[in-house]
Amino acid sequence: MSAEQAFYLNRWKQQMILKLGEDGFAEYNKNILLQGKLFHAALEYICQSIEVPQQELEDAIVSGYVESVQHVLRDMSGVKALESAVQHETLQYLGLVDCVAEYRGQLCVIDWKTSEKPKPFLRNTFDNPLQIAAYVGAINHDANYDFQVNCGLIVVAYKDGSPAHPHFMGMDLCSQYWTKWLLRLEEYGEKRKNDDMS
């Protein structure tokens with residue numbers, strides 16, 4: 001995370017603690033994580049063409065998010081990976097990819113996000129494009145995958161069921177963010193080295 005983003009995240013956290021109190025903020029955080037977990041579980045069922053358990057669909061937390069992404073799901077096909085671990089041995093990082101599938105005919109790393117606020121532009125997704133680029137790089141260098149990916153898709157879903165914002169990242173955009181990711185990784189390596197020396 002960049003210093004600027006860390007600053008804004010910390011400022012938001014402090015504002016939320018003032019508004020909700022320590023315990024209220026802890027409960028809020030717990031609920032946000034639960035929502036994301038349930039949403040991802042429902043999407044796994046859907047992407048595997050397995051019927052989502054009725055109880056999960058009736059859960060107001062998940063149903064709005066699932067409704068939100070319906071138009072994106074209609075443009076997806078050929079799922080190759082779901083909730084799958086990836087590793088870039090050379091650059092020494094790993095992650096967990098939400099989904100790799102075709103979106104409008106392009107094989108993409110797909111990252112599902114939930115938000116309480118509209119995020120109609122890629123810039124509203126903060127560092128998520130770096131995460132996509134990192135996943136693309138890891139998949140393309142991980143021997144466990146017999147395919148290459150050049151594109152990404154960040155899908156921001158909304159609890160109220162309003163249409164999700166899909167942010168497609170073509171090969172050129174992924175390459176730009178790959179360069180930024182490499183710089184971020186280098187900064188992290190330097191920081192770790194300096195921390196180890198102190």
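Cβ coordinates come from backbone N, Cα and C, glycine included.
Within 10 Å of the C-beta of ASP98 (active site) there are 23 other C-beta atoms, taking all protein chains into account. The active site annotation in TrEMBL covers ASP98 (among others).
A simple way to gauge crowding: the CB of ASP111 (active site) has 21 other CB atoms within 10 angstroms, across all the protein chains here. Residues or ranges marked as active site by TrEMBL: ASP111 (among others).
In sequence order, LYS119, THR125, ASN128, ILE154, VAL155, VAL156, ALA157 are the residues of the chain that are 6 or more apart from LYS113 (active site) and have a CB within less than 8 Å of its CB. Per TrEMBL, active site is recorded for LYS113 (among others).
Per TrEMBL, the feature domain 'PD-(D/E)XK endonuclease-like' maps to 56-158. Shown for the domain 'PD-(D/E)XK endonuclease-like' (56-158): DSSP residue counts in helix, strand and coil, namely 33 helix, 42 strand, 28 coil.
A separation of roughly 5 Å, to the nearest angstrom, links the Cα atoms of ASP98 (active site) and ASP111 (active site).
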